[in-house]
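Taken verbatim from TrEMBL:
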| type | residues | note |
| --- | --- | --- |
| DOMAIN | 1-98 | domain 'Major facilitator superfamily (MFS) profile' |
| TRANSMEM | 12-32 | transmembrane segment |
| TRANSMEM | 44-64 | transmembrane segment |
| TRANSMEM | 76-94 | transmembrane segment |
Amino acid sequence: MALSLLVVSISFYLKVMVIAFSLGLGAMPWIIMSEILPINIKGLAGSFATLANWFFSWLVTLTANLLLDWSSGGTFTIYTVVCVFTAGFVAIWVPETKGKTLEEIQQFFR
């Protein structure tokens, strides 16, 4: 128990969650917008993606305390399940763009 508490306290001091989110799922909407969206809809789609990103950030912030009051373990289980589904979505439906032109990426979606 002491070891687990030490790991948790160190992660809070080092801001591990913030760093991991910034390097992982936090950047996903911005990467997808810049590499996948066609130029003719990039402005509108980018605005919509930004709106969705901030809306869900607000929703998580709004519900976090309510969920923690309900169940601490349940709260992080829900967050874990959402992360797993998101990673699966990215692995299955987001194409690899390294070394591809925008036309090749668009062909993937047709």
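Including glycine, each Cβ sits where the backbone N, Cα and C put it.
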Ask   = Along the domain 'Major facilitator superfamily (MFS) profile' (1-98), what average pLDDT does this model show?
value = 85
Inquiry  = If we skip the immediate neighbours and take only residues 6+ beyond the ends of the transmembrane segment (44-64), which ones have a Cβ under 8 Å from one of its Cβ atoms?
reply    = 29, 32-33, 37, 75
